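Working notes, structure below.
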Amino acid sequence: MSSNLNITGSNITAPTPQNTPLNQAPIALGLSRPTVPDITEDNEQDDGDGADVDLGAVQNQMIGMVHGRLAELVGKSSGYIESLPVEVKLNIEGLKGIQVKQNELQNQYKRECLELEKKYLGLQKPLYDRRHAIISGTAQPTREELDNGEKYSKEDEEYTPLPKDVTPSSEGIPHFWLTALRNHIALSELITDRDVDALKHLVDVQLAYLDDKSGKPGFKILFIFSANDFFENDVLEKTYLYQEEVGYSGDFVYDRAIGSEIRWKEDKDLTKEFEIKKQRNKNTNRTRLVRKAKPTESFFNFFTPPIPPSEEAIENGDFEDDELEEIEEKLELDYQIGEDIKEKIIPRAVDFFTGKALEYEGLDDDEDDEFEDLDDEDDDGQFDDDVSESDNDVPVRRRGPPKGRGGAPANPSNVNPEECKQQ
């Protein structure tokens, strides 16, 4: 493709200087590869005599071709920068030098923001300890805590006040963290029925930031368990590491995750499924039963995170494009779940336990964007009208207030969440 583009138009004062990517993917640079839309055979028109010309299909083909050409331009020079005089190029180099200083300040800002998060996590520790005491039953809520809780609950129009002459239970709140985790959409898909009995022993989930002396910045999530029949560990940890320098977007870039090695008790490994197979000896014709294990879905696979491929392996072509895409999806999901536990579940555990947090998750917003309004005449006769609305149907999740109007209260556990959120 020529580097010189013909540009027409009397009002144009300068050509497009440079076509560059907006930003690089924050996870495992090099995994994402741009693709050029193809015009498939399904979109081709029948050239036979008498065939009607589908203008809509032709238009779609033209749009696909334009998008394809635009995709080819991404990251390629238009030739404008190269055509500038050396004196102007020196000015550009000076701007790049200024950008270096800006990058250094942004990196310093993110580091200080991380230190501020650490400070407020320390201030919150007594509150988290108090929460754990009530959940475990070692303490009961005070009158002040109950009154504040009632004020918080009154934000829900369906709230029914509780009697004040009843003493809070000394047994705490059973299965608190199991319920809270299952009310998070992504985690609920990871937790299988086989995991439930083990997660009933989850008594606390804690957050800790890594010490700067350890090298790369990051955080650690600790899952505290009581004695159980499944594994020996009292604590299972998941550590998320960031790269030392912030990325192009100005945020910390995810580097990798490290999980605890689970010391499973005999025949209790929930990440494996055992099956009995009968084998026959080819020579003696004798048969035997063999017990084999195979990997299976489990929440506890969370502690065996996906490993990003090395740059060398990518350059050598050790992975197919579809394999890289699958790895990247797994990395993104693992990282997002870790961030959600850190930013949402731990600070607002009671809201996830009660389900209140789901009102503010915007679960349906992305799905709504995939649909467009149809003309009134298109709706007639296209759908059956016998949809049941009985009490036996799955209830529709109650939506929260529109964004920007009565949304979730500001999270006191986070410091400037929009600015300080670590990507």
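Every residue gets a Cβ built from N, Cα and C, even glycine.
These figures come from a predicted structure and were not determined experimentally.
Among the ranges 1-25, 101-125, 301-325, the one that TrEMBL lists as region 'Disordered' is 1-25. Taking TrEMBL as the reference, the stretch among 138-167, 168-197 described by the feature region 'Disordered' is residues 138-167. Note on the compositional bias 'Basic and acidic residues' (142-154): DSSP counts are 11 helix, 0 strand, 2 coil.
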